[in-house]
């Protein structure tokens, strides 16, 4: 049997090579040293030792005593004793082993033709080994097939793989993610629900969230491709909740509240992953600008909220970020996704966290409503309606927060009344204050409707009286004719509240104060100003005062609100007595007024009130119960359809007409704002461009820009 010491030492060299981190090799073209993988060092070392062994076989050296070891003894491990007994041979073997490495480093500058000759020589030596020592060749076939199949194609593939690995390493030593890696992770998450893969995905997700930031310097992964970035986001957002739900399922109680089993043995292992994943979502939510990605992130994030319930710091920051998106975004899909997420958070949170969420929702709505225009009005209405739905998820928390903030509104009004000044009036005479009153009016109205549907009394009903007193106090503290638009907004809110709660609110005196104002009764001056849009105006500018445009707008608003107010009680059994003061006062005013439009509108309204009074008197005369019978009185009102009454028909027709007029006014205002925006953009382009000068603008355009 031929000598095998070189093969033995080669195997030991392979074991030592696994402990080495990098093997230095001189670059063929540039003469610099490159880092190679352990696999290359292992295969190259083994290849050189086998070549030397084949050369020894071909030279037909005489075997020594120790070389007469059989192949069976070699496989049984007896070579260890033989190897320890022949330390001299081992030392010489180590010398022989180091020699090829030195030769390899010195020969890195050889041409590709010499490498091809070496490969051909290597193949010939393997053929010679097969003929002279078939037993050992068979052993290599069974245990090291890759060594026998080592050829030029494999060399190129290995080099390509090394280059790929080196390319995947950034200059800082981080792992550069690829699409193949993302696909492999996705398969593992789908099939095995691997927690190890989950941890890797969360680490990579954190790298994506903090990309190009200081926090990303200490992270393991890095991303250099936008497609990989998007694929990673989809993977982390969609599959992480699925894997979490597989190991720790989400449960739901009868009230719809979602929770998880906190006694799960897997949950403690997932806590670092959950914390990292949560703050990564938070960072993405704060930095994203694409509406589709934000909407997707919000939709999928609600699936991990039950796992995050113990992370108070994260939940508070996440709530604030979500409320900011909900209140400030212009995209409807993002807004709806944010509402769904906040609703899930309210259903998952305990009483303390729920109060925090509702408080942030209310403050976010109040902040955004401070700037009301024709463009933001629809969004503000959506914010108020969605906030009402969130508050009514828990009546107890809703009452506590409602009591607190309604009291705050009362304190602000009290300070204005006791210390009247320009600065003290600003908080009350603001859009935030008016929209807050309207929000609580909507909430209490919706709560009253729900209590009637369920047949259970609501504790929120007790907040109606203080809210009405605050609203009437704001009207009384703001008698200025410039603030008539604000008065109309508050009266609309109170009419809405009265309609849904059934509470009688005396609003006629506040409306007739406008009728008695000199801005309505006296003759106004002509003006070319555009009609004032009362829906988006809180205060009329001084240029509108005593103008025909402003007077006509006040008359339209006054007639509308008078009809809307009295139609609330159109089916009430006491309607004939209720409208007597209004009829008398309107007729008296029409006699001394010279405003034809106002007189015509007032007399038409008076005519409808008289017809409705006659209609209700006839209906009332047909009944046999006494006014003290409250149940019969309530049933009497429910048997009459208000839309089929004389006053009801008039109000429905007027609503349709006014809606068309409002639509035209809003379109006109919107076109005007768009025109101004175009002028501003044109001015910016003119300033940036060297070819366009401001002198090219027309005088009309220049005036628009100045305005």
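Just so it is clear, glycine is given a Cβ too, placed from its N, Cα and C backbone atoms.
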Candidate annotated in Swiss-Prot as phosphoserine, out of 93, 107, 112: 112
Annotated range (Swiss-Prot: coiled coil) out of 617-658, 659-700: 659-700
For the coiled coil (659-700), the mean pLDDT of the predicted model: 70
